[in-house]
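Here is the structure we will look at.
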């Protein structure tokens, strides 16, 4: 889990757009965040396995 201070710092409006970055809305992780769903790869996997994301299922071929 991310520190609350880092999450609050990220939410503030940055002076330069290049300084803004995405964080997972579920756990606060700053890396490997999927822009479409707003969650990191770990949370995405958990939500997909639980069936919480419609239309997403494990690939099998």
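Yeah, the Cβs are placed from backbone N, Cα and C, and that goes for glycine too.
Record features, source Swiss-Prot:
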type	residues	note
BINDING	24, 27, 40, 43	Zn(2+) binding site
Which of 27, 40, 43, all binding-site residues, has a Cβ with the fewest other Cβ atoms inside 10 Å: 27
Zn(2+) site shell beyond 24, 27, 40, 43, criterion: Cβ within 8 Å of Cβ centroid: 25, 26, 28, 29, 33, 39, 41, 42, 44
